[in-house]
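> Found this in TrEMBL, in case it helps:
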- A:39-59: transmembrane segment (TRANSMEM)
- A:71-92: transmembrane segment (TRANSMEM)
- A:144-161: transmembrane segment (TRANSMEM)
- A:168-190: transmembrane segment (TRANSMEM)
- A:202-220: transmembrane segment (TRANSMEM)
Amino acid sequence: MTMFHFFNCAILTFGPHAVYYSATPLSEYDTLGTSVKAALVYLGTALVKLVCLATVLKVSENDGFDPYQELLKAVIGFIDVAGLYFALTQLIHRNISQNHKFQAVGLGWAFADSVLHRLAPLWVGARGLEFTWDFILQGLEANANLVLSISLAALGSLMWLRKNKPKTLIPIIYTCAGIVATMPSITSYLRRGLGWDFPKVVVFELFTSLSMAFISWQLFSACQRPS
Amino acid sequence: MALSKNSGGHRGMQESMYSVIALVFILVACVELCDAAAAIDVYRLIQYDMSGSAYGSRFAALNHHAASLHFPPGADLSRAVLIIPLRELNITFVREYINQKKPLGGLLFLLPDIFSFENGGNKQVHEKEQLKNLLAELEQLLIHANIPYPVYFAFENDEIDTVLADIKKNDAIGQPATATTGGYKLVIPTPEPKKVASPTITNIQGWLSGLKADGDTNQLPTIAIVASYDTFGAAPALSVGSDSNGSGVVALLEIARLFSLLYSNPKTRGRYNLLFGLTSGGPYNYNGTQKWLRSFDQRLRESIDYAICLNSIGSWDNELWIHVSKPPENAYIKQIFEGFSNVAEEMDIKVGLKHKKINISNPRVAREHEQFSRLRVTAATLSEISTAPELLQGTGGLYDSRQFVNETAITRGVKLVAESLARHIYGHQGKNVQIFADGGSLAVNPAYIQSWLDLLSQTPRVAPFLSKNDPFVMALKKELTDHTDEVNMQHEVLEGVFTFYDSTSARLNIYQVASVTFDLLLLLVLGSYLIVLFSFLVITTRGLDDLISLFRRPPSRKVKTA
């Protein structure tokens with residue numbers, strides 16, 4: 001029965017990625033290679049971030065919110081953005097339209113994130129007899145993360161791959177990208193600084209990810225109109 | 001050059017591979033640890049066979065849902081564990097369940113803190129006596145019943161109290177825990193209990209030689225002081241027997257210490273040998289004492305003037321009893337009793353004499369002095385209890401904890417015995433001489449008594465579970481060695497009438513589980529979520545037609561093949 005629970009949480013955490021790949025035209029154009037490459041770039045980025053965090057951060061005794069530490073963590077979080085830039089621009093992709101490129105990169109990015117951060121706790125924790133809501137909430141978080149990654153990839157492709165953008169929209173694009181990139185810091189501030197409990201944080205993440213996705217969709221279609 | 005570099009690189013990689021694999025194994029192994037909502041120590045009901053009949057709880061492993069006393073009437077409890085706190089115990093309910101052999105998954109009794117040594121220290125609880133009597137009754141019921149499911153004891157603490165409150169709430173709204181409705185699951189993963197092979201009983205004796213006058217070839221007379229040190233109770237891991245017979249052991253050790261001080265100087269050494277005996281096998285008709293006496297050679301046995309057995313002298317106020325088997329008119333008995341009465345009068349203690357004839361054909365030996373009497377040695381037992389206990393009763397069970405023993409009582413008892421013995425040895429009968437006066441160098445030491453009593457109250461001493469070289473037995477031997485001239489240990493096997501089984505304590509894990517229906521429901525919800533997501537994505541990216549076309553086979557292909 002507890003393997004059952006593990007199976008449930010696993011399909012909640014990883015199912016949407018597979019569904020996204022098969023439902024959208026990504027599967028038709030066989031963009032699996034791009035996603036895999038993006039996943040590998042994510043692993044590399046995660047390693048670099050780990051090393052930076054280990055050298056810069058000091059271990060604090062209390063679980064409170066230390067603004068200086070959080071600021072450092074946010075700055076290191078921008079390494080994520082750099083990694084995404086690398087994945088979008090530097091890797092050689094086959095001839096796929098920009099539309100699909102950012103989706104594939106975002107998908108691979110989110111999948112690698114889920115596997116790295118959520119598979120091990122799931123395997124160790126969800127198979128035991130004891131029941132907690134944590135793993136279901138973690139799965140919902142993975143869903144929100146998928147949406148956020150794809151919107152970040154979309155904004156990233158707008159910023160770096162598209163040459164002609166309407167002038168008025170540029171600052172909006174950059175602010176949205178900034179917000180999405182600092183999402184991890186915002187959630188950790190909510191959890192530690194304000195003391196929100198896990199379900200509330202997950203609801204917040206889902207809400208913001210959907211709204212960010214909507215905004216970036218609008219921006220993307222707005223940028224696409226002139227060309 | 002390149003080759004060696006390569007192989008070096010390969011070896012490096014192999015090593016890192018091994019460490020990664022090792023890490024993975026450790027990770028996988030950690031699944032079962034630190035998983036539960038609560039984990040507490042529990043102690044199993046004793047399991048033993050007596051003359052072929054099975055008694056006690058016959059199973060150890062537990063894996064059932066928890067239920068409380070508020071279960072809805074008519075609920076099926078054959079796969080549930082009843083958690084019963086002692087304060088809410090209804091003894092007739094339990095008796096009914098056991099005697100009518102109603103099916104039950106298991107029983108867990110929660111004992112209040114006062115019965116535990118660590119926490120029960122000095123708390124004042126109002127219903128102490130009531131709880132003690134209730135627990136004694138429960139123990140007798142459980143020991144003499146054959147229970148085909150696991151029975152465990154645990155001490156109340158905050159974790160289990162919250163769990164129990166939760167279970168009661170669930171039961172009250174009519175939702176007892178089963179596989180389909182979720183709730184709490186109690187798991188004790190122990191293997192099947194096995195028989196304890198050849199349980200040993202160890203008798204320890206200490207010999208203090210008296211002063212032999214020059215040219216005297218006769219054997220000096222001997223006085224024996226005996227106490228049995230082992231216990232028997234419903235939970236062997238908790239049977240510390242502070243009063244029965246921790247108090248007797250402590251008194252014996254203190255008397256040995258006092259007389260060793262007197263005997264260390266030849267000027268004050270008495271003309272009697274002193275034999276101190278710490279016997280085992282007490283609850284089993286004083287089997288150990290019998291074997292110990294049988295091992296004596298004839299001359300020694302005949303030289304014993306009399307023996308004093310100490311049993312349960314820890315919680316009396318003003319009255320003690322001397323139990324004898326020879327009739328009170330017997331000259332020796334009169335002498336002993338008078339000696340004790342004189343000292344007792346001075347100390348404001350009332351001493352009564354109880355006579356009970358022994359029946360050689362009856363194997364039941366209620367008091368230790370009877371084993372001596374069966375071999376024609378004059379003996380008496382000093383005890384606070386006036387009636388003779390039944391088999392396996394009053395042998396230091398769960399209720400016999402440190403809280404209920406009074407060091408002052410033991411101190412006074414020691415003074416009484418030591419003074420009476422000394423007056424007999426040095427010939428001061430009837431004279432008002434205080435050898436062990438308070439405040440003198442030979443005063444009874446209350447700190448010594450308290451520290452040994454505390455040690456005994458923390459050491460469960462059920463004989464089959466004490467090995468030959470158990471640290472406690474070694475400690476007793478060392479203590480006697482300090483106070484006497486010669487110490488001997490006698491190892492015997494407990495007679496075949498009793499067989500014991502191991503697995504006396506375990507760790508209980510309490511898990512909060514979700515029901516099967518919950519998992520199925522979750523699967524349904526997730527399945528529909530994924531399907532909705534799939535359709536949504538197809539519609540938004542490829543159009544509605546594509547979605548419909550997924551479900552319709554394209555007809556053109558069939559035409560082509562045909």
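Just so it is clear, glycine is given a Cβ too, placed from its N, Cα and C backbone atoms.
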> Residues of the same chain, at least six outside the transmembrane segment (A:144-161), with any C-beta under 8 angstroms of its C-beta?
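Contacts of the transmembrane segment (A:144-161) (Cβ under 8 Å, skipping residues fewer than 6 from its ends): 16-17, 20, 81, 84-85, 88-89, 98, 101-103, 105-107, 109-110, 113-114, 173-174, 176-177, 180-181, 183, 202, 205-206, 208-210, 212-213, 215-217, 219-220, 223.
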> Near the transmembrane segment (A:202-220), which same-chain residues lie under 8 Å Cβ to Cβ, leaving out any that are not at least 6 residues past its ends?
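Distant contacts of the transmembrane segment (A:202-220): 137, 140-141, 143-145, 147-148, 150-151, 154-155, 158, 169, 172-173, 176, 179-180, 183, 187, 190, 196.
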> What residues in the same chain, six or more past the boundaries of the transmembrane segment (A:168-190), come closer than 8 Å to it by Cβ-Cβ distance?
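65, 70, 73-74, 77-78, 80-81, 148, 151-152, 155-156, 158-159, 196, 200-201, 204-205, 208, 212, 215-216, 219, 222-223.
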